[in-house]
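As structure tokens, the structure follows; a few thoughts come after it.
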């Protein structure tokens, strides 16, 4: 009996250890300013680190999120990211930000997913219809109409979207739990893959006529970020 208890305790310890290592490790230094080459740097979490003694204020700074972006594109929205590519000092800190501008009436941030981040969004202007879809087998759609000051969360990895249902411009800001959250826009990835996915695969998956699939693959799929 005692042996069984020890075995159970050991199993729980192994399981908890696997969970502990399933997320990004906490940084072991104050900061790790990203640089693009290995000269005078140390490789950490996807980026080389600048010598901390060479860090400066500009490594932690970005300006311009107050400026409205051009929304004249096929989806009627533009995403302005502020991640490790824009602020090198974000490297290893596990957080980033975006501004999203939506055209009136039907500006759309198309269905997409962030493979490495949960997103929390706050509306500054306009009225947005937002939602996400849960994983298989339920594929449950969870939606909400948001107004200025409203906040909504999109769990990590789940397909989500925002759609401007108002008659004026809309603006939202979102924080993401990664310095490099990544984005996969569903339509772009499926029908705009390079090289193209074999049409027979998409015919079977979407139960569409082959000509419809080829037509979709021939379109230019706009990336709004």
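From the backbone N, Cα and C atoms, a Cβ is placed for every residue, glycine too.
These come from TrEMBL:
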SIGNAL    1-22  signal peptide
DISULFID  32-49  disulfide bond
DOMAIN    63-214  domain 'Cupin type-1'
BINDING   109, 114, 119  oxalate binding site
BINDING   112, 114, 119, 160  Mn(2+) binding site
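All features noted in TrEMBL, drawn onto the structure.
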residue: 109; record: oxalate binding site; Cβ contacts under 8 Å, 6 or more apart: 75, 77, 79, 100, 102, 161, 162, 163, 224
residue: 112; record: Mn(2+) binding site; Cβ contacts under 8 Å, 6 or more apart: 159, 160, 161, 183, 184, 185, 186
residue: 114; record: oxalate binding site; Cβ contacts under 8 Å, 6 or more apart: 154, 156, 157, 176, 178, 181, 182, 183, 184
residue: 119; record: oxalate binding site; Cβ contacts under 8 Å, 6 or more apart: 153, 154, 160, 174, 175, 176, 177, 181
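The least crowded of the disulfide-bonded residues 32, 49, judged by other CB atoms within 10 A of its own CB, is 49.
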